[in-house]
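According to Swiss-Prot, the protein carries these features:
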- SER52, TYR116: Fe-coproporphyrin III binding site (BINDING)
- CYS113, CYS316, CYS325, CYS330: [2Fe-2S] cluster binding site (BINDING)
- HIS172, GLU255: Fe(2+) binding site (BINDING)
Amino acid sequence: MQFDAVLLLSFGGPEGPEQVRPFLENVTRGRGVPAERLDAVAEHYLHFGGVSPINGINRTLIAELEAQQELPVYFGNRNWEPYVEDAVTAMRDNGVRRAAVFATSAWSGYSSCTQYVEDIARARRAAGRDAPELVKLRPYFDHPLFVEMFADAITAAAATVRGDARLVFTAHSIPTAADRRCGPNLYSRQVAYATRLVAAAAGYCDFDLAWQSRSGPPQVPWLEPDVTDQLTGLAGAGINAVIVCPIGFVADHIEVVWDLDHELRLQAEAAGIAYARASTPNADPRFARLARGLIDELRYGRIPARVSGPDPVPGCLSSINGQPCRPPHCVASVSPARPSAGSP
């Protein structure tokens, strides 16, 4: 399978204070999120000057990917400029016939995979009859470079705290009903499997997995334990240092720089716990190599690169033109409330 271009498909984020509220309205449209909730989340962005780190990180990643291979790379987002519809229309106008789509989410499930498939279908409709064929690359939660980047980040973070620090992985929580209906439990099982792979690569036998950034009505069950509750429990058990690894995120979303670097760090300091946060891949050159490797799997018919571990968890396959890659695993059975301003 040959490609004329690559599309980096991401979530999007504001790049100035005046963009924050319109961005959040895009994210939550049709979900009945109260205005006061939007105001609260807006403050997280305004704390950083109204700028999400994600677009800048993605532009650097695109430059790295263009340096590593010969195909032009287009940039499209779901919720803010540059929109995916505009990117696909530009591809059409530039004569692109087939493009590989690399989404900035490593997982299967509705929020982390199927919504990107829906983005592809919507963008092709907007581009019309001459829209390019769009091939979404497979999820990569068990790719050797994904595991390597997080393992190295844990090692680097561990060097900043005392040697007996407890390792805590985090990923974005979702409603348990949404998790059951996709897979079932494909997202949470993939996250748990990836934590085992990364922990082993980093040399850890004991670790915790917690979930972060939930919202919505308290009566609606979400994946647990919440990382704030987990930290409270660790403090009660006498743990005096933690390394937090946000394995659910491939870049520094607001949920990372606010929920972890700000709120969770303050909680740890108040409890007398030394705190270190492992880096996400962001624009690490290895992340671009990972994307290039996924493209080459399809271009040259290569066997998918995966780290083998006990009790492996299946993932979705590549998909074409917004068609579900594996319907039992990636169905829009529910539209879970957007947890805050991001997505797993």
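Every residue gets a Cβ built from N, Cα and C, even glycine.
As the structure is a computational prediction, the values presented were derived from the model and not from experiment.
Features per Swiss-Prot, on structure.
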{"residue": "SER52", "record": "Fe-coproporphyrin III binding site", "Cβ within 10 Å": "26"}
{"residue": "CYS113", "record": "[2Fe-2S] cluster binding site", "Cβ within 10 Å": "30"}
{"residue": "TYR116", "record": "Fe-coproporphyrin III binding site", "Cβ within 10 Å": "25"}
{"residue": "HIS172", "record": "Fe(2+) binding site", "Cβ within 10 Å": "28"}
{"residue": "GLU255", "record": "Fe(2+) binding site", "Cβ within 10 Å": "22"}
{"residue": "CYS316", "record": "[2Fe-2S] cluster binding site", "Cβ within 10 Å": "23"}
Spatial separation of TYR116 (Fe-coproporphyrin III binding site) from CYS316 ([2Fe-2S] cluster binding site) - C-alpha basis, Å: 13
Integer Cα-Cα distance in angstrom, TYR116 (Fe-coproporphyrin III binding site) to HIS172 (Fe(2+) binding site): 17
Cα-Cα distance linking SER52 (Fe-coproporphyrin III binding site) and GLU255 (Fe(2+) binding site), given in Å to the nearest integer: 10
Pairwise Cα distance for HIS172 (Fe(2+) binding site)/CYS113 ([2Fe-2S] cluster binding site) [Å, integer]: 14
Assigned conformation of CYS316 ([2Fe-2S] cluster binding site) - DSSP reduced to three states: coil
DSSP three-state assignment (helix, strand or coil) for HIS172 (Fe(2+) binding site): strand
SER52 (Fe-coproporphyrin III binding site) to CYS113 ([2Fe-2S] cluster binding site) - Cα separation in whole Å: 22
Where CYS113 ([2Fe-2S] cluster binding site) sits in the secondary structure, as DSSP reduces it to three classes: helix
Assigned conformation of GLU255 (Fe(2+) binding site) - DSSP reduced to three states: helix
DSSP-derived class (H/G/I helix, E/B strand, else coil) of SER52 (Fe-coproporphyrin III binding site): coil
